[in-house]
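Colleague: In case it helps, Swiss-Prot gives these features for our protein:
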MOD_RES   2  N-acetylalanine
MOD_RES   12  N6-acetyllysine
MOD_RES   86  phosphoserine
MOD_RES   107  phosphoserine
MOD_RES   109  phosphothreonine
MOD_RES   142  N6-acetyllysine
BINDING   159, 160, 210, 211, 212, 213, 214, 215, 354, 358, 389, 519  D-glucose 6-phosphate binding site
MOD_RES   185  phosphoserine
MOD_RES   250  phosphothreonine
ACT_SITE  358  active site, proton donor
ACT_SITE  389  active site
MOD_RES   454  N6-acetyllysine
MOD_RES   454  N6-malonyllysine
MOD_RES   454  N6-succinyllysine
MOD_RES   455  phosphoserine
ACT_SITE  519  active site
């Protein structure tokens, strides 16, 4: 595929942007079109609640949206989408299919890889997860002293950690009757030491999540957990009752002491950051119950079908992707904020920080050439209203344009004080997107200062600081309630958004070679940290850092 910058549709879009973008004033666009909200929003009825995607507060008009959709068609988005769903090996650097959609394929229609339907295997693992969850949650699964399991500790990193952590936090209200769940990812010993300190070996079950069962951080933490466990249990055969594996490497799992019967497999067509739908989601199913895990899968499947079958101009993941292309490749925006107004979604932005940045943080195209345009944005965010008192200042009055997605449920899980808290939360959510769109004109600020009784001199000094330019773009994503089904749909919506942008940029969204170099060098450096002899094999900075660490290692502090 030709580079994006040489695509005639993109050149047309860029020309239009250069000539007309200065005239896209959101206040004026809303005043000129009373139907703007209806024309630039989607109301998705999932039959398990609604998801409203309001993109009317973006710097677009019908002409821009039409050009963006034409651009998507010219970049082959529809064919690429169909290739993914049909099991083609679209992860071309690793020669793999990309089939997280098969993991949640509730219709059970065949999906083939190399001519073989993967659905029987997917369903076999789901059935195994279901019976395991029932045994643990009912108390039938006993530890080495005959006690039931009260705590699940998921040991993994990256995709084996961020997804299950985000989802178990988001679905806490659905965890009644389930074991508590803990996540250990960091190689920093503090993480596992602090976690184990509050647990009892007799009632703890460890999930070791590693596809290869060789991930350094995960296996080091797993060995530490096993040591801690055996200090109490004494008998190595007890490991089988307290450790299960999510892996594809039976030999390594067995060597660790885990019964292969307690190994839940997944496949090379499941990427780590798209794996919470697979056996990697075992901690989710244990915590909230398998029925709720199935609802999560069903919500994602609903969004998969919407993405697969809906024309591009009414397709939520596609529209979100195209708006991102508009801001990144025409306006030069470098970041994207995800701002969920729901405390249960407090890890949502962190999850999609990996989802987006590990997928589209690439500068090499399918042909092996370097791109001559921007690709994936820096993704970040915090829950509202906390963010309002932290970084929104820069979004409102800073020098950078930061497109934002605001997300909120209409119904709260905790309608305390007759819904007062949630009413205030909703009011803040609505106020922020309106404020970012409208801003505050000098004459509006002047009236406020006069009403506050400011002297003419003070008024003139303060006035420039009280003006808001506005015209800051946002999407509002409003859903009935944060249920397992709706959460599944929201996650899938963003997954497909990321996929569409990768196709537009002609990069592989499903490998992550950028993770490898640091890991290779760390293996080389680790033995050099032994002893006290000087190291000279690196650049002067790295050598100097190693020397400082060696000097300070045994320093006694008062």
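Glycine residues also receive a Cβ, built from the backbone N, Cα and C atoms like all the rest.
I'd like these features described in context: how deep, what's nearby, how far apart.
Modeller: Cβ environment of residue 2 (N-acetylalanine): no same-chain residue six or more positions apart lies under 8 Å away. Secondary structure at residue 2 (N-acetylalanine), taken from DSSP and collapsed to helix, strand or coil, is coil.
A C-beta separation below 8 Å, combined with a sequence spacing of at least six in one chain, links residue 12 (N6-acetyllysine) to 67.
Cβ neighbours of residue 86 (phosphoserine) (same chain, under 8 Å, six or more residues apart in sequence): 111, 112.
According to DSSP, residue 107 (phosphoserine) is assigned to coil rather than to any helix or strand. When other Cβ atoms within 10 Å of the Cβ of residue 107 (phosphoserine) are tallied across all protein chains shown, the result is 10.
Around residue 109 (phosphothreonine), taking its Cβ as the centre, 10 other Cβ atoms fall within 10 Å, counting all chains.
Spatially close to residue 142 (N6-acetyllysine) yet at least six residues away along the chain are 148, 241, judged by Cβ distances under 8 angstroms.
The Cβ of residue 210 (D-glucose 6-phosphate binding site) lies under 8 Å from the Cβ of 156, 160, 218, 219, 222, 245, 246, 247, each of which sits 6+ residues away along the same chain.
DSSP assigns residue 185 (phosphoserine) to coil in the three-state reduction, placing it in neither a helix nor a strand. All protein chains shown were included, and the count of other CB atoms within 10 Å of the CB of residue 185 (phosphoserine) stands at 20.
Residue 250 (phosphothreonine) carries a helical DSSP state (H, G or I). For residue 250 (phosphothreonine), other Cβ atoms within 10 Å of its Cβ number 14.
The number of other Cβ atoms within 10 Å of the Cβ belonging to residue 358 (active site, proton donor), over all protein chains shown, comes to 23.
Sequence-distant contacts of residue 389 (D-glucose 6-phosphate binding site), defined by Cβ-Cβ distance under 8 angstroms and a gap of at least six in the same chain, do not exist. In the three-state DSSP scheme, residue 389 (D-glucose 6-phosphate binding site) is classed as helix.
The local packing around residue 454 (N6-acetyllysine), expressed as other Cβ atoms within 10 Å of its Cβ over all shown chains, amounts to 16.
According to DSSP, residue 454 (N6-acetyllysine) is assigned to coil rather than to any helix or strand.
When other Cβ atoms within 10 Å of the Cβ of residue 455 (phosphoserine) are tallied across all protein chains shown, the result is 9.
In the three-state DSSP scheme, residue 519 (active site) is classed as helix.
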Colleague: Run through 159, 354, 519 for me and report the recorded positions whose CA is within 10 Å of the CA of residue 250 (phosphothreonine), in sequence order.
Modeller: none
Colleague: Any idea of the Cα spread of the D-glucose 6-phosphate site, 159, 160, 210, 211, 212, 213, 214, 215, 354, 358, 389, 519, as a max distance in Å?
Modeller: 43
Colleague: To the nearest Å, how far is the Cα of residue 519 (active site) from the Cα of residue 214 (D-glucose 6-phosphate binding site)?
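Modeller: With distance taken Cα to Cα, residue 214 (D-glucose 6-phosphate binding site) is 12 Å from residue 519 (active site).
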Colleague: What Cα-Cα separation, expressed in whole Å, is found between residue 354 (D-glucose 6-phosphate binding site) and residue 185 (phosphoserine)?
Modeller: 14
Colleague: Applying a 10 Å Cβ distance cut-off over all chains shown, what neighbour count does residue 159 (D-glucose 6-phosphate binding site) have?
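Modeller: I count 24 other Cβ atoms within 10 Å of it.
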Colleague: Please identify, among the binding-site residues 159, 212, 214, the one with the smallest Cα-Cα distance to residue 107 (phosphoserine).
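Modeller: Closest by Cα: 159.
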Colleague: Would you mind pulling the DSSP three-state label for residue 210 (D-glucose 6-phosphate binding site)?
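Modeller: Going by the DSSP assignment, residue 210 (D-glucose 6-phosphate binding site) belongs to neither helix nor strand, so it counts as coil.
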Colleague: Select one residue from 212, 354: among these binding-site residues, choose the one with the most other Cβ atoms within 10 Å of its Cβ.
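Modeller: Answer returned by the neighbour count: 354.
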